[in-house]
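Below you'll find the structure, written out as structure tokens, and then a few comments.
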Amino acid sequence: MTVNGAEDVLLVHGGTPLEGEIRVRGAKNLVPKAMVAALLGSEPSRLGNVPDIRDVRVVRGLLQLHGVTVRPGDEPGELVLDPTHVESANVADIDAHAGSSRIPILFCGPLLHRLGHAFIPGLGGCDIGGRPIDFHFDVLRQFGATIEKRADGQYLEAPQRLRGTKIKLPYPSVGTTEQVLLTAVLAEGVTELSNAAVEPEIEDLICVLQKMGAIIAMDTDRTIRITGVDKLGGYNHRALPDRLEAASWASAALATEGNIYVRGAQQRSMMTFLNTYRKVGGAFEIDDQGIRFWHPGGQLKSIALETDVHPGFQTDWQQPLVVALTQATGLSIVHETVYESRLGFTSALNQMGAHIQLYRECLGGSHCRFGQRNFLHSAVVSGPTRLQGADLVIPDLRGGFSYLIAALAAQGTSRVHGIGLINRGYENFMDKLVELGAKVELPGKALG
Ligand SMILES: CC(=O)N[C@H]1[C@@H](OP(=O)(O)OP(=O)(O)OC[C@H]2O[C@@H](n3ccc(=O)[nH]c3=O)[C@H](O)[C@@H]2O)O[C@H](CO)[C@@H](O)[C@@H]1O
Ligand SMILES: C=C(OP(=O)(O)O)C(=O)O
């Protein structure tokens with residue numbers, strides 16, 4: 001694989017604090033879904049604050065295969081999506097997107113409503129656990145869809161109009177909650193979804209759907225009630241900012257003893273992260289345009305951290321922050337309760353000089369789905385440790401960004417392989433690194 005025509009390896013000369021300003025745009029975990037929602041409308045939709053990341057390009061390609069016209073709007077980062085001529089796409093063409101991201105599964109409801117059938121290729125996404133899609137198919141069957149698994153993917157049909165239903169999720173899955181929303185809005189009658197996920201990106205998707213004409217009520221107890229309507233229009237929406245990218249840069253500021261102003265970062269969706277950042281000893285200042293994050297000097301403090309569904313500590317914040325925890329004094333405990341295999345990336349940090357020990361037990365107080373099931377899902381990080389440059393191979397999106405942070409915080413040079421994967425969720429990350437003063441080079445290509 002190549003990045004900008006060069007080999008997919010980044011040389012990182014560590015030891016320089018990251019300082020300066022970068023901007024985050026719309027959330028990776030909202031924008032592609034808002035694009036799928038446009039399929040439900042009878043008129044064009046307008047989506048602003050769209051980042052140029054691979055997951056957006058994948059969904060754009062899939063929408064176009066189904067006859068949706070996608071073109072840039074008047075503002076930079078704006079897309080106009082016109083679904084007036086939705087059609088069945090050639091299965092072989094769709095199959096070319098197999099393994100690309102998690103989003104194709106969310107086409108099920110909209111395509112069943114529009115065409116009465118759908119073909120969903122194999123999914124991609126980060127390899128951080130088994131990532132089954134059983135909840136998705138269970139709920140689609142409850143709406144009245146039939147599903148046939150074949151070698152190349154899943155074939156779905158809706159012999160009649162899908163019907164609203166009463167669903168209780170076994171776990172507040174983000175993707176399944178979105179599946180229910182995108183299906184229930186045009187289903188006949190009322191759908192009641194309990195134990196739903198309520199991440200800020202889900203609320204923003206609900207805002208998009210409401211703008212299209214949907215009727216969706218959220219209770220305080222994780223119950224969402226959707227009253228199906230016969231027809232939806234288009235929307236005009238500006239995507240909420242990417243709180244996951246913002247937290248990644250915040251962690252980079254802490255680990256490299258730097259100071260980064262993240263334009264676009266928003267307090268409301270990051271409150272839990274900000275509390276933790278403060279407990280570790282990181283400093284931040286919030287204004288109307290963004291948040292400044294910095295290392296205030298002195299020692300960082302060890303903490304006990306447990307990832308959870310919103311409003312808990314988001315699992316996608318965990319990996320970048322663990323790098324900063326290698327610089328904190330004492331023992332930090334990290335309990336990953338959302339994905340069973342999201343701590344594997346720490347072995348490379350240990351090669352760089354970190355002291356991170358993994359455990360199968362649920363450390364830190366509460367018991368999760370993974371206790372007693374033989375998954376290394378808890379970690380004890382002892383610090384501070386001096387990191388040394390190393391040869392690193394990027395395992396997944398956030399793990400990859402964590403390796404970049406570790407390489408930037410380390411003494412000496414690291415070779416980071418597979419950096420193309422980071423484009424999946426971080427817009428122009430190499431330009432941003434250069435703007436922040438990072439000493440990085442793509443072998444055979446000048447940066448900056
Ligand atoms: C594109 C996108 O938005 N990705 C996000 C989304 O992923 P995604 O929507 O895939 O994550 P889920 O919330 O569905 O998964 C949470 C847990 O539920 C389990 N599960 C899920 C579905 C299912 O059918 N069966 C099942 O067992 C998963 O294995 C996992 O252990 O939410 C995650 C949790 O905030 C984030 O880390 C991802 O960045
Ligand atoms: C796990 C992630 O994404 P995805 O669900 O797209 O793999 C992530 O963004 O960290």
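Along the chain as shown, residues are numbered 1 onward.
Using N, Cα and C of the backbone, Cβ positions are placed for all residues, glycine too.
Here TrEMBL flags Cys126 as active site, proton donor. Taking a C-beta cut-off of under 8 angstroms and a sequence separation of 6 or more, Cys126 (active site, proton donor) has the following same-chain neighbours: Asp396, Leu397, Arg398, Gly399.
Secondary structure from DSSP puts Lys28 (phosphoenolpyruvate binding site) in coil. Taken from TrEMBL, the feature phosphoenolpyruvate binding site covers Lys28, Asn29.
Annotated UDP-N-acetyl-alpha-D-glucosamine binding site per TrEMBL: Arg102, Asp316, Val338, in sequence order. Applying an 8 A CB threshold to same-chain residues 6+ apart, the list for Arg102 (UDP-N-acetyl-alpha-D-glucosamine binding site) reads Leu123, Gly124, Gly125, Arg131, Gly175. DSSP classifies Arg102 (UDP-N-acetyl-alpha-D-glucosamine binding site) as coil under the three-state reduction.
What TrEMBL lists as domain 'Enolpyruvate transferase' is 13-433.
TrEMBL lists Cys126 with the feature 2-(S-cysteinyl)pyruvic acid O-phosphothioketal.
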Non-local Cβ contacts of Val338 (UDP-N-acetyl-alpha-D-glucosamine binding site) (under 8 Å, 6 or more apart, same chain)? Thr307, Asp308, Val309, Thr315
Tell me which recorded positions (Lys28, Cys126, Asp316) have a Cβ under 6 A from ligand 1; sequence order is fine. Asp316
Average the pLDDT scores across the domain 'Enolpyruvate transferase' (13-433) and report the rounded value. 96
Using all protein chains in view, find how many other C-beta atoms are within 10 Å of the C-beta of Asn29 (phosphoenolpyruvate binding site). 26
In angstrom units, rounded to an integer, how far apart are the Cα atoms of Asp316 (UDP-N-acetyl-alpha-D-glucosamine binding site) and Lys28 (phosphoenolpyruvate binding site)? 12
Expressed in angstrom and rounded to a whole number, the UDP-N-acetyl-alpha-D-glucosamine site built from Arg102, Asp316, Val338 spans a maximum Cα-Cα distance of 16
